[in-house]
Amino acid sequence: MPELPEVEVVRLGLLDHAVGRTIADVEVLHPRAVRRHEPGPADFVARLRGARLTAANRRGKYLWLELTGAVAAASEFVGASLAAEDETDGSNGVVGAQADPESGRGHDVVRPPSPSAVEGAALLVHLGMSGQLLVKDSAAPDERHLRVRFRFADGGELRFVDQRTFGGLTLADLLEVDGTTLPVPVAHIGRDPLDPRFDAAAVVEAMRRRRTGVKRALLDQTLVSGVGNIYADEALWRTRLHWARPTASLPAAKAAELVNAAADVMREALGQGGTSFDALYVNVNGQSGYFDRSLAVYGQEGLPCPRCASPVRRDPFMNRSAFSCPGCQPEPADAHR
């Protein structure tokens, strides 16, 4: 699943090539692409005709286009499904719930002030594992996995392409939460490390109160958003922390170092267009990023650690993998797997 840098690359492209334009028509070519919009494809199309794109925004891995002239669909339909269908990264979409202490979910969430409704609507984009937003000339051939087409009034198109159909689009109402306008389904998501108002000290304090492993905490989107499997492993390597280190055992300074490392690695990845292991993660012009060439441990099983030359190890983790260096990141005796 694309993480913060890859989503930010797409957002910047939309800001340059889509914001300010008006949608003349919408064509839904695969109903699964709008499955989160429970009123259905016809309603989705009708609500977007004539809408003007006024902003391209992001929080963590969540991306949306703000609209005028569109009517949002009942947001209560989409909040639960968005959280449930997200790649399992620690967020259950429930703020402050008494959840599983093994995962840390629902505990010690960095809570924003109570939200208030604002005017407008958002086209919320979930890229899933293979979703792409491409700005194309109307005469350009259709992509093989084109799912939704937005035709602009001034010519040209915005296309949602998704090979695996895990991603999707929906309309949502907007709320003001702690001075920031957010779609309703994203209101529970924490700020990300690149947000100017990110409170690193609050995140460190909440993280150290968890009863879980440090990587699980990093992936909890209610605590700190935007970090996924790739950048969690890279940040842990930079700080010489094993992914199963209990969060409660972290000194405040070490936890702060980890949060800063996550921010640093994502900034570096953003500067290189993100991480693209294949042709699926691209910007709005179809170009891939190249940060994969700079990865120290993620996806590097058996290769020498850039720091100590020990072979990189891969361990099973939450139905995925955790990559680490056994020399630089020794597993503690009290590991929280």
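The first residue you see is number 1, and the count goes up from there.
Here the Cβ of each residue, glycine as well, is placed from N, Cα and C on the backbone.
The record from TrEMBL ties R164, R210 to DNA, and of the options H145, H188 it ties H145 to that site too. Classification of E3 (active site, proton donor) by DSSP places it in coil, neither helical nor stranded. Taking Cα separation as the measure, E3 (active site, proton donor) is nearest to R164 of the binding-site residues H145, R164, R210. Cα of H145 (DNA binding site) to Cα of K61 (active site, proton donor): a span of 22 Å.
The candidate set comprises the recorded positions K61, H145, R164. Of these, K61 has the most other Cβ atoms within 10 Å. The closest partner of R164 (DNA binding site) among the active-site residues, by CA position, is P2; the full candidate set was P2, K61, R320. The Cα atom of P2 (active site, schiff-base intermediate with DNA) lies nearest to that of K61, taking the recorded positions K61, R210, R320 as the candidates.
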